[in-house]
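Here's what Swiss-Prot has on this protein:
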type	residues	note
ACT_SITE	CYS2	active site, nucleophile
ACT_SITE	LYS606	active site, for Fru-6P isomerization activity
DOMAIN	2-219	domain 'Glutamine amidotransferase type-2'
DOMAIN	287-427	domain 'SIS 1'
DOMAIN	460-601	domain 'SIS 2'
Amino acid sequence: MCGIVGAVAERNITAILLEGLKRLEYRGYDSAGVAVFTNEGVLERRRRSGKVSELEQALAGEPLIGRLGIAHTRWATHGAPCERNAHPHFSADELAVVHNGIIENHEALREQLKSLGYVFVSDTDTEVIVHLLHHKLKDTPDLAVALKSAVKELHGAYGLAVINAAQPDRLLAARSGSPLVIGVGMGENFLASDQLALRQVTDRFMYLEEGDIAEIRRDSVQIWTVDGLPVVREVVQYHEGAEAADKGEYRHFMLKEIHEQPKVVQRTLEGRLGQHQVLVHAFGPQAAELFAKVRNVQIVACGTSYHAGMVARYWLEGLAGIPCQVEVASEFRYRKVVVQPDTLFVSISQSGETADTLAALRNAKELGFLASLAICNVGISSLVRESDLTLLTQAGPEIGVASTKAFTTQLVALLLLTLSLGQVKGSLEEGVEAQLVEELRRLPTRLGEALAMDGTIEKVAELFAEKHHTLFLGRGAQFPVAMEGALKLKEISYIHAEAYPAGELKHGPLALVDADMPVVTVAPNNELLEKLKSNLQEVRARGGELIVFADEQAGMKNGEGTHVIAMPHIIDALAPILYTIPLQLLSYYVAVLKGTDVDQPRNLAKSVTVE
């Protein structure tokens with residue numbers, strides 16, 4: 001991890017590589033580097049620990065000018081974040097490699113290569129790859145042949161870009177478990193781990209499939225499958241407004257993306273609602289026939305997407321009467337799973353490249369699930385390509401590492417799934433679907449009303465400026481919302497935060513409550529409100545300070561140690577979507593007060609493409 005850029009052209013490509021790295025900064029990283037085969041016929045590199053801007057300064061002082069090069073932003077997995085461990089890695093000053101992923105057998109390969117005389121200067125698993133490839137080149141002068149041989153010895157995940165001083169007209173790539181995309185130009189071609197890195201030079205992309213190896217030249221691309229057979233991958237044209245990668249009037253991408261939620265929720269609903277019901281064919285032409293067979297749902301996801309799945313469980317069981325299990329992908333893939341008959345496997349991922357979620361999907365195909373369905377924000381991702389059915393969210397590119405608009409659009413998509421399954425199976429109560437469809441049409445307006453509380457929440461954030469711990473509480477479908485609120489706060493403000501069902505207070509968390517631990521609660525006006533109020537009294541009795549986001553009809557008022565922020569009234573089924581907004585804003589303003597890097601919080605990456 002975390003970002004790869006490569007280029008082969010008739011012009012100097014250093015600026016292209018640098019701009020590509022800047023466009024990948026949102027993914028999170030701790031060091032950066034670039035290697036170029038210069039016009040003087042020498043393979044040279046520049047590396048820096050820290051930001052891409054520091055690498056840019058190094059290149060300003062010692063420029064690299066050439067027509068072939070690779071670049072990388074690293075998120076440390078093996079070896080500390082330092083210049084010595086930064087990519088690209090060299091072998092004999094004639095071969096350079098950048099790598100996303102984890103090589104699981106790197107220790108054994110390292111010892112083997114040491115015995116052959118190779119000297120290691122870093123602590124990374126990547127350096128093993130470049131020396132192994134150099135060793136393979138002793139048997140053949142063809143870099144593509146050597147790469148095909150080398151990857152057979154690698155166990156784990158990798159996305160590789162390779163250049164060789166002896167073959168200065170080509171860029172090699174290999175993909176297994178880590179995404180790579182080729183950017184197709186006119187007399188020049190490019191490579192990246194994310195097409196966003198290349199949008200300044202092309203709008204035409206070719207996505208490598210699992211196991212592919214590619215040889216990229218200025219005027220041609222040749223690809224081989226995992227079996228070594230030549231293959232042609234489709235060229236896809238991508239259109240996205242330039243404003244997606246620009247903060248505009250906002251201080252941070254995260255704040256911009258929070259405020260985009262009414263618009264992207266509207267987009268996610270477009271073309272999917274009839275007059276009184278959800279249009280089932282939005283999931284695909286075979287969806288209705290397949291949904292009629294569904295008796296159970298298994299949801300698998302990671303992080304924020306997992307929280308979306310937890311909310312969906314309340315909807316699927318409470319509205320559609322369909323049993324549902326939700327599991328973290330990294331746990332699901334490593335345990336023995338008992339699959340109930342006619343179970344729909346649902347995976348959720350913003351990027352569609354989350355390593356554990358992809359692995360869980362591939363594992364699910366061997367376990368006898370009825371079919372697979374992806375909820376995803378990227379229509380050309382691996383998750384979408386490998387699933388039977390898909391419902392795309394329409395969040396647009398999400399630059400901030402902490403997910404915001406992707407989460408709310410995932411919730412909308414999952415509610416559409418719930419209503420579609422209930423409609424086909426006839427398990428919804430009479431009038432429920434028509435009511436919810438009408439409320440969904442109003443949802444963007446309700447979200448706008450919540451965003452109008454921005455100034456109020458900014459003032460509430462001041463209560464957290466000197467705090468080190470926070471407790472989030474919710475009941476029912478609001479418990480996963482509380483979990484998401486706690487995750488956002490810890491991600492970007494570095495304040496320790498935990499979430500619990502409010503009914504569990506007396507089973508442990510109450511021991512932590514005092515004047516130094518704020519307690520944040522979401523309180524829609526539903527059948528659990530009175531029980532929640534009792535839980536909050538337990539907090540106040542122990543001196544805890546309450547921040548309550550409560551329905552305007554809930555009858556809750558400010559008092560000593562109690563700060564109530566009135567929320568627009570909304571039907572209970574949609575409350576998890578609405579109540580997410582103030583928790584995102586709260587986390588954002590607390591982080592701003594603490595002076596953290598909101599868009600690129602420490603130690604985190606946007607797209608987790610390794611286990």
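Heads up, the Cβ atoms here are built off N, Cα and C, so glycines get one too.
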Count of other CB atoms lying within 10 Å of the CB belonging to CYS2 (active site, nucleophile): 25
DSSP-derived class (H/G/I helix, E/B strand, else coil) of CYS2 (active site, nucleophile): strand
Arithmetic mean of per-residue pLDDT over the domain 'Glutamine amidotransferase type-2' (2-219): 93
